[in-house]
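Some notes on the structure that comes next.
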Amino acid sequence: NQVLEMFDHAYSNYMEHAYPADELMPLTCRGRVRGQEPSRGDVDDALGKFSLTLIDTLDTLVVLNKTKEFEEAVKKVIKDVNLDNDIVVSVFETNIRVLGGLLGGHSVAIMLKEKGEYMQWYNGELLHMAKELGYKLLPAFNTTSGLPYPRVNLKFGVRHPEARTGTETDTCTACAGTLILEFAALSRFTGTSIFEEYARKALDFIWEKRQRSSNLVGVTINIHTGDWVRKDSGVGAGIDSYYEYLLKAYVLLGDDSFLERFNTHYDAIMRYISQPPLLLDVHIHKPMLNARTWMDSLLAFFPGLQVLKGDIRPAIETHEMLYQVIKKHNFLPEAFTTDFRVHWAQHPLRPEFAESTYFLYKATGDPYYLEVGKTLIENLNKYARVPCGFAAMKDVRTGSHEDRMDSFFLAEMFKYLYLLFADKEDMIFDIEDYIFTTEAHLLPLWLSTTNQTISKKNTSTEYTELDDSNFDWTCPNTQILFPNDPMFAQSIREPLKNVVDKSCPRGISRAEESLGSGPKPPLRARDFMASNPEHLEILKKMGVSLIHLKDGRVQLVQHAVQAASSLDAEDGLRFMQEMIELSSQQQKEQQLPPRAVQIVSHPFFGRVVLTAGPAQFGMDLSKHKAGTRGFVATIKPYNGCSEITNPEAVKEKIALMQRGQCMFAEKARNIQKAGAIGGIVIDDNEGSSSDTAPLFQMAGDGKNTDDITIPMLFLFNKEGNIILDAIREYEAVEVLLSDKAKDRATIFKGKMIPNYIIDSNLEMENMDQKSSENDSHKPNSEEAHSESQDAGAVSEEPDGGGESSAVGDPDPLSPASTDSASVSMADQDPHTPGPAEASAPEPACTPEDSQPQEQNTQTESNSKAHWDSKVQPMESILADWNEDIEAFEMMEKDEL
């Protein structure tokens with residue numbers, strides 16, 4: 001019932017505030033229309049002005065037993081949606097979301113019509129639209145390889161002069177390999193074989209181009225030549241659904257070749273990529289070498305695929321590891337390191353973990369997975385729910401939001417959560433008669449015997465010899481997956497219970513695993529100590545020389561020709577790559593993490609969280625967990641560059657001021673003198689936003705700033721205007737400055753506040769107060785080469801407009817493309833292990849995970865997030881809030 005209520009909240013807000021736009025912007029309560037909002041880059045390629053969210057949600061309505069709403073939605077799609085727009089869209093996203101949504105809608109529409117109560121008027125209109133869209137995607141396949149272009153113009157195709165696309169040379173493996181289910185279903189439904197033929201040709205080409213010795217595929221491929229462009233391989237972003245569609249194509253179409261290909265790849269994945277409970281990317285040509293030290297959140301689908309394949313033990317292990325990460329951060333960060341620190345902090349409400357949870361519950365019947373689902377529901381309501389829907393998390397560390405609710409949230413998340421808790425009597429049809437696409441759209445299994453495309457088996461391809469004891473050429477039978485032991489799944493999970501908090505699993509190295517007590521594994525950058533003679537000898541063998549610089553740093557240079565052997569040269573190259581990544585990571589760790597400004601007064605009550613830049617002076621909010629709370633006041637003069645003329649308005653308040661015309665530290669001293677308890681500097685650059693700009697840090701003025709004791713935070717123009725508009729509307733606005741957003745039970749503990757704001761289990765919900773940040777991270781003289789833009793610490797210039805960066809030039813350095821490579825690192829004290837050392841046989845585990853690993857700037861931008869009547873009247877927002885309040889009161893017993 002909670003899932004149904006949550007779905008209604010998200011769906012009704014989309015229909016009320018966004019339709020017919022593609023997606024809802026839940027913070028500003030309006031629709032996202034492509035071209036009317038600042039571009040977010042590739043993310044916007046999913047938007048085609050075709051009411052994306054409604055189409056993506058069609059079959060979800062039927063799964064949730066909302067047949068009347070489904071009938072109304074289908075009529076709207078038929079009447080309103082235009083697929084002939086002059087707009088460039090992603091072939092992959094349009095296929096899985098729009099074509100899949102139309103086919104899923106058609107599948108359940110004909111099922112309902114057959115039952116005789118609903119949809120009696122339906123005459124295949126969604127299928128006709130799907131066929132029209134299929135033909136619009138076909139021009140993308142006009143390549144010699146059969147791999148599609150990544151983008152297509154819905155009106156003009158690819159090569160037309162007005163198409164504005166068709167110049168790309170690369171596509172991702174998943175982009176070209178995630179077409180077969182939708183295209184084959186379209187062919188089987190319509191009797192038009194061309195769609196299935198094109199999708200099969202693309203799959204055949206990828207299979208032929210796999211790396212033959214490892215049986216792995218890369219992330220991106222040249223669509224004309226078939227050369228691998230990115231040669232790393234994993235099960236996450238860029239490859240994920242290619243593997244999924246090989247297995248599901250066998251299930252839906254019954255073609256043995258797809259299962260044989262899947263099992264060949266799966267054998268390679270388990271041999272090279274799987275390092276339980278981790279799944280780490282490797283190089284396709286040298287699969288024993290890890291390609292990176294972090295994982296992305298899209299791999300969360302893989303345990304569900306393993307369940308479908310019948311390999312339950314590793315599915316349980318990886319799922320449990322991911323759950324421990326979620327329990328630490330409330331959501332799965334977009335990427336996290338092998339020692340479970342945040343790498344990319346955002347979370348766009350992805351459904352893959354819920355998908356795997358559902359499949360594991362189906363396979364095991366273990367009620368533990370119902371508790372996992374309950375946690376997901378509680379976290380969504382507590383941290384992501386806003387008056388106009390559910391907002392993506394901009395930073396899981398601070399709890400700040402992004403004005404974004406992707407269509408897949410309605411298409412997948414609520415479908416899997418509902419199915420997880422639903423009994424058979426809650427369903428109006430048998431879900432086992434359907435297979436899920438990668439977007440969770442439903443395709444009926446009876447398609448396997450309908451309008452079959454006769455295709456000769458590719459006899460030129462030799463399949464790898466596999467151990468038949470590991471693989472059956474049939475679907476797994478879940479009845480024989482488990483011994484009659486209800487504790488079986490728990491026994492697998494138990495060793496992983498503390499994997500995130502109390503241990504740093506590095507996994508047994510492959511050399512140790514295969515050689516036992518034989519030769520030692522290659523030296524890893526994280527273990528290197530410049531003072532260890534044995535390590536220096538190993539460096540020499542690898543062709544790496546060590547140079548002591550005059551400033552005390554150590555420089556490493558590799559010349560492959562000086563290595564003892566070609567294998568040692570490879571080890572040296574890998575060591576240098578690891579050292580560059582480690583050096584870059586250490587440099588990022590010197591940066592302060594983002595802070596949070598939370599509006600806690602009526603009617604916001606802590607729901608609005610703004611991402612704020614920290615200051616390198618003043619109170620360190622990471623050491624003052626309660627933060628600083630107070631009402632805000634605008635200072636005079638607004639720039640804060642001279643003595644404050646309205647000290648009576650500022651005293652015991654948090655001062656608001658504009659950036660520019662003097663140093664940040666000078667502003668801080670002036671407001672502190674006037675009696676302010678904190679300060680917020682608002683950017684004077686109109687339209688600037690934390691959505692598109694890297695994290696901003698306020699540097700000192702080059703003098704001693706110990707006299708500044710109040711906290712200072714920086715807000716970009718968009719976020720600052722939200723506070724200014726709230727002041728205009730309500731006058732008295734109270735905010736909380738903290739290291740990360742507090743849950744409302746913590747904010748209002750001991751204060752009078754309506755019951756619906758505070759959870760009934762207050763004592764259970766208090767935030768964990770233990771520090772997760774280092775005491776301080778201050779820049780030192782370490783030099784490091786960074787391969788991504790780091791957040792710069794910036795000082796105000798007297799002219800108000802200039803900035804001076806306090807970080808070094810992020811000069812990218814790739815030893816893979818040069819004969820020699822060098823990297824500098826700080827000389828290390830042999831008695832004080834640094835981040836790149838291990839002074840004991842077991843690695844020391846640091847619990848700090850909250851340092852920013854990377855500032856991702858490819859997020860949506862909205863330069864007008866105002867609370868004014870032009871966007872939406874405040875009365876309307878309050879009305880939405882009242883609906884929320886009623887729902888919360890109704891479900892208080894459920895401890896929402």
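Every residue gets a Cβ built from N, Cα and C, even glycine.
Here is what TrEMBL says about this protein:
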type     : residues : note
ACT_SITE : GLU93    : active site, proton donor
ACT_SITE : ASP240   : active site
ACT_SITE : GLU334   : active site, proton donor
ACT_SITE : GLU352   : active site
BINDING  : THR438   : Ca(2+) binding site
DOMAIN   : 635-722  : domain 'PA'
REGION   : 767-871  : region 'Disordered'
COMPBIAS : 767-788  : compositional bias 'Basic and acidic residues'
COMPBIAS : 815-825  : compositional bias 'Polar residues'
COMPBIAS : 834-848  : compositional bias 'Low complexity'
COMPBIAS : 849-862  : compositional bias 'Polar residues'
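Per-residue pLDDT, averaged over the domain 'PA' (635-722), rounds to 90. The shortest Cα-Cα distance from ASP240 (active site) to any of the active-site residues (GLU93, GLU334, GLU352) is found for GLU352. Of the listed recorded positions GLU334, THR438, the Cβ environment within 10 Å is emptiest of other Cβ atoms at GLU334. A C-beta separation below 8 Å, combined with a sequence spacing of at least six in one chain, links GLU93 (active site, proton donor) to ASP45, ALA46. According to DSSP, the secondary structure content of the domain 'PA' (635-722) in residues is 20 helix, 16 strand, 52 coil. On a Cα basis, the residue listed as 'Ca(2+) binding site' lies 9 Å away from GLU352 (active site). There are 25 other CB atoms within 10 A of the CB of ASP240 (active site), with all protein chains counted. Distance from the CA of the residue listed as 'Ca(2+) binding site' to the CA of GLU334 (active site, proton donor) is 18 Å.
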